[in-house]
């Protein structure tokens with residue numbers, strides 16, 4: 001049986017063997033608090049590659065040490081961190097998948113016991129510290145840090161990079177009027193609030209020639225915040241700059257109640273794709289092969305990002321293939337266990 005989920009997908013100069021992406025998920029497992037890859041990361045990502053995920057995306061990886069969410073985050077702020085990341089990409093590639101990395105700065109959500117930095121001195125909540133408002137020099141240094149991180153990503157062997165512009169972290173904080181109250185060239189109008197991301201993309205493009213994704217929070221879930229329609233304009237600008245795909249998540253820029261249900265964020269991938277003609281990724285409570293297949297067949301997204309379901313079962317692609325009646329070529333080491341995989345779900 002043919003399956004769109006298990007069809008190859010080419011984006012720029014990279015071809016994925018199928019359309020399943022391991023969504024970036026923080027593991028908080030850099031044990032020595034130095035940003036380095038550990039054996040856990042090799043097993044964690046390598047297992048999903050062996051499980052036949054098409055694109056394995058490494059978790060939010062900090063471009064600056066002070067930009068970590070926690071002191072156990074992975075980092076890419078120094079050349080001495082390349083070696084561990086290169087081992088990770090090699091392990092992923094050896095198991096038949098492509099490798100991506102999400103480049104991130106936590107902004108006001110950094111919880112390191114030191115200063116957190118943001119576009120404006122507004123805390124995320126009453127229980128979190130007031131961040132330091134970034135000056136122009138700090139903004140320029142952070143933009144340069146993203147560029148250097150992109151170059152290190154290339155040296156580490158990654159095929160794709162994703163800029164983390166969602167979930168209330170630094171890029172998202174500049175984009176949203178809820179968190180950006182600046183009166184200089186980086187605040188105010190949508191064009192000015194986009195300037196930080198624009199300059200990051202321009203800077204990254206100078207050193208990176210592979211596909212670039214951007215993860216967005218397509219809804220702030222606040223009456224004065226951004227909606228998916230605001231992100232249509234942002235996405236048009238990103239597309240003009242050469243961004244290849246928008247990974248459509250939502251929320252977390254401010255505390256908010258979110259009604260969560262199966263595929264609740266697919267609507268954003270569909271909307272962005274329809275109104276900007278850019279490739280999109282759907283993410284959020286996509287848990288079965290038939291659900292993923294339907295999203296693709298309905299042309300609501302181009303790639304399917306799977307998060308928690310891959311934590312539950314790193315061999316989700318095999319289960320999805322069985323469900324869809326698609327014969328998936330398993331690793332030769334596992335050929336003694338052909339046929340259907342049974343679950344208790």
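Glycine is treated like the rest: Cβ placed from N, Cα and C.
Swiss-Prot lists 23, 24, 25, 26, 60, 102, 215, 307, 308 with the feature FMN binding site, giving sequence analysis as the kind of evidence. Listed in sequence order, 57, 283, 305, 306, 307, 310 are the same-chain residues six or more apart from residue 23 (FMN binding site) with CB atoms under 8 A from its CB.
Annotation comment: Swiss-Prot describes 28, 164, 165, 166, 167 as substrate binding site, evidence class sequence analysis. Within its own chain, residue 28 (substrate binding site) has 69, 70, 72, 73 as residues 6 or more apart in sequence whose C-beta sits under 8 angstroms from its own. Under the three-state DSSP scheme, residue 28 (substrate binding site) falls in the coil class.
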Who sits close to residue 166 (substrate binding site): which same-chain residues at least 6 apart have their Cβ under 8 Å from its Cβ?
172, 215, 216, 217, 247, 249, 250, 252
What does DSSP say about residue 23 (FMN binding site): helix, strand or coil?
coil
Residue among the binding-site residues 215, 308 whose Cβ has the most other Cβ atoms within 10 Å
215
Spatial neighbours of residue 60 (FMN binding site) among the binding-site residues 164, 165, 167, using Cα within 10 Å, are 164
According to DSSP, which kind of secondary structure is residue 165 (substrate binding site) found in, if we only use helix, strand and coil?
strand
Taking just the CA atoms, what is the gap between residue 165 (substrate binding site) and residue 25 (FMN binding site) in Å?
14
Would you count the other C-beta atoms found within 10 angstroms of the C-beta of residue 60 (FMN binding site) for me?
26
